[in-house]
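Chemist: Below are the structure tokens for one structure; questions will follow.
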Amino acid sequence: MLQAREVNACVRALGAMSGTSLDGVDVAVLDTDGRVIHGFGPSAYRAYLPEEQATLMAALGHWNGPEADAAARIVEAAHLEVLSGFDDAELIGFHGQTLAHEPRGRGTCQVGDGQALAEALHTPVVWDFRSADVALGGEGAPLAPFFHFACAKWFGAKKPVAFLNLGGVGNLTWVDPSKDTAETPGALLAFDTGPANAPLNDLLRQRRGVALDEGGKIAANGTVATGALELFLAEAYFGRIPPKSLDRNDFAEMIELVHELSDEDAAATMTAMCAASVAQGMGHCPTPPEQVLVTGGGRHNPVLMQMLSVSLECPVAPVESVGLDGDMLEAQAFAYLAVRVAKGLPTSCPTTTGVLALVGGGTLSEPT
Ligand SMILES: Nc1ncnc2c1ncn2[C@@H]1O[C@H](COP(=O)(O)OP(=O)(O)OP(=O)(O)O)[C@@H](O)[C@H]1O
Ligand SMILES: CC(=O)N[C@H]1[C@@H]2OC[C@@H](O2)[C@@H](O)[C@@H]1O[C@H](C)C(=O)O
């Protein structure tokens, strides 16, 4: 019987995240009772090979069929490889790879079989974190907010702060740590801000065969096209009241807005689009946060960080400034959420996903 089910037990959990930028699998150990963070453990990263990444890319938008199956096998093999390097986890939180996300339509689809991983690793696995939330009327995303609340408590925040994740898609969590728990009404507000790095990555892959604008060097030599930026901000998504979420490719057509621009101007404009969507989203925060703590790969881009600093009305800093690891925060989040699921605790609430009631999303698969 999994010790995690004992209410007060601290569990050594391993979280695994394969995000929308499709670059690889992040894995991190977290010690937690599902409420309080007791400690952070080792972490690892397993990049997808170019041919694996191409298969994952081709599977985006496929809810099932051969493309989705091929993606699932890659996701399972990559996770097995990296998770096998850890031998003392009592529980694994396995997010899988999102191929499609349409919470108000067909649902949400993360591929990778958690039961197969539980068997291969001889360890219980929590997976399929998003379906229960969507079934109860929620967006199914973002799910990291309850962990963000625990992080704010962990570093001793006393006033509201915001966590901003800049991966393929951007998401913001406003946290009031003076409230007792994440479940307390008014403690959290969360939503996807807009596209973050994915559209620029896709543009540069098409035009230059490179995966990203390393260090923002291409954008640094460009000029922002204000007309394209204004057209982007006129998208209906930005007028929607949160909670709200996005699929990776919901803004794929924004490449059209920059298609006549040079690589440098297009990169500068797309970087500005990311920053401007965050600035627009900040207006939804119940009170201005004391600071915005940036996590995810976008914090490695100084041009993006500078644009955020200029356009937000509060200090902006990477999460490392409060002792957290911005490359592993999402993996740690799914370790945390796995423990909550095992203990029957909720993982989302009306103000994080728009779900009708507190819901604990996830399937617990024990090895047979
Ligand atoms: N040194 C860097 N310079 C510029 N951009 C970077 C750098 N490092 C990472 N990035 C950007 O961050 C992306 C990866 O971010 P991250 O790993 O947080 O995404 P993800 O977790 O896959 O996405 P999501 O959070 O949407 O699921 C890269 O694809 C790239 O666009
Ligand atoms: C459907 C889906 O996979 N959404 C991801 C994606 O990547 C960032 C943003 O969009 C966020 O909503 C979510 O991931 C993070 C880990 C979350 O659920 O908090």
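Backbone N, Cα and C atoms are what each Cβ position is placed from, and that goes for glycine too.
So TrEMBL has the following annotated:
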type	residues	note
BINDING	Gly19, Thr20, Ser21, Leu22, Asp23, Gly24, Val25, Asp26	ATP binding site
Chemist: Given the binding-site residues Gly19, Gly24, which one is most crowded in terms of C-beta atoms within 10 angstroms?
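Modeler: By the 10 Å Cβ neighbour count, Gly19 comes out on top.
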Chemist: As a check: which entries in Leu22, Asp23, Val25, the binding-site residues, place their Cβ less than 6 Å from an atom of ligand 2?
Modeler: none
Chemist: Mind running the binding-site residues Ser21, Gly24, Val25, Asp26 against ligand 1 and keeping the ones whose CB falls under 6 Å of it?
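Modeler: If the test is a Cβ under 6 Å from any atom of ligand 1, the answer is Ser21.
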Chemist: Per DSSP, to which secondary structure element type does Asp26 (ATP binding site) belong, with helix, strand and coil as the options?
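Modeler: Looking at the DSSP assignment, Asp26 (ATP binding site) belongs to a strand.
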Chemist: Per DSSP, to which secondary structure element type does Gly19 (ATP binding site) belong, with helix, strand and coil as the options?
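Modeler: Gly19 (ATP binding site) sits in coil per DSSP, no helix or strand.
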Chemist: Whose Cβ, among the binding-site residues Asp23, Asp26, has more other Cβ atoms within 10 Å than any of the rest?
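Modeler: Highest number of other Cβ atoms within 10 Å: Asp26.
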Chemist: Quick one: give me the count of other CB atoms within 10 A of the CB of Ser21 (ATP binding site).
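Modeler: Excluding its own Cβ, the number within 10 Å is 22.
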Chemist: Taking the centroid of the Cβ atoms of Gly19, Thr20, Ser21, Leu22, Asp23, Gly24, Val25, Asp26 (ATP site), which other same-chain residues have Cβ within 8 Å of it?
Modeler: Met17, Ser18, Tyr48, Gly167, Gly168
Chemist: Taking the Cβ of Leu22 (ATP binding site) as the reference point, list residues of the same chain whose Cβ is under 8 angstroms away and which are at least six residues distant in sequence.
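Modeler: Result: Tyr48, Gln53, Leu56, Met57, Gln97, Gly168.
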Chemist: Of Thr20, Val25, the binding-site residues given in the record, which has the fewest other CB atoms within 10 A of its CB?
Modeler: Thr20
